[in-house]
Amino acid sequence: MSRNSFMGMLSQRFGAGIFIIGKLLRFGFFLAFIFFLLKGTKTLAGYNLNQTLFFFLTFNLIDVVAQFLFREVYRFRPLVVSGSFDLVLTKPMSALFRSLMGGADVLDLVTISPLVLAIYLVGRGLGPSPTDVLFYIFLIINGLALATAFHIAVISMGIITLEIDHTIMIYRDITNLGRFPIDIYKQPLQGILTYLIPVGIMITLPAKALMGLVSPWGVLLSFAIGVAAVLVSIRLWHFALTKYTSASS
């Protein structure tokens, strides 16, 4: 399926080029917004310009990688409504794996390398220790695990309710709150984004780790929450399959 996505991109080069230019323009405009915002205030919730940029870049890394890996989620509803999901269930490949990663988005892959380079350049200016870098990498992996759990929950709800588009857009709107450190939000929203809907753990905490603001216990707790979220989402997936009505029934 990913190979088909790549071939499709090659056959529609003009559209793909416009899409990439649009993403780069949106990214550039938001960077300009951050520069102008901190030009007047100097700090945002106690973080300087470089730190705020690093939060934004970390958000984009997790967001883009998740979109690259899980683009098939956006095409899951037609699969269920048309009855084609029956064929997925009969194949030896894991239905969950096929539903999540059956069609990677090559256009997002193009933007990952420059993003990693930008993270390296900005992150190096923050003067992290080797331990901070290690914690950052671990928490990025944990953030992607949480993103995986969110997407599994979305397709599970899609089986139960036949609704995907609105659910995935709600997920994206919520994660967009992580463009900036969640410290800027007042309670109880900050607590909700940290523990109930762990956007803070998924996006803000990795950036804080590189700045030396996260303890080893904080890293372990984050991993525990990430593992719990994945396990709960998988249980939800199996429950959703029991509610699936085959097109042939």
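Glycine is treated like the rest: Cβ placed from N, Cα and C.
Where the annotation comes from TrEMBL, it is an automatic prediction and has not been curated.
The annotation transmembrane segment is assigned in TrEMBL to 14-38, 53-74, 95-121, 133-162, 192-211, 217-237.
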Among 14-38, 133-162, 192-211, 217-237, point out the range having the most Cβ pairs under 8 angstroms from the transmembrane segment (53-74). 133-162
Under 8 angstroms, Cβ to Cβ: which one of 95-121, 133-162, 217-237 has the largest number of such pairs with the transmembrane segment (192-211)? 133-162
Which residues of the chain, 6 or more past the ends of the transmembrane segment (133-162), have a CB below 8 A from one of its CBs? 58, 61-62, 65-66, 69-70, 73, 76-77, 80-81, 85, 96, 99-100, 123, 168, 171, 175, 198, 201-203, 205-207, 209-210, 214, 216, 219, 222-223, 225-227, 229-230, 232-234, 236-237, 239-241, 243-244
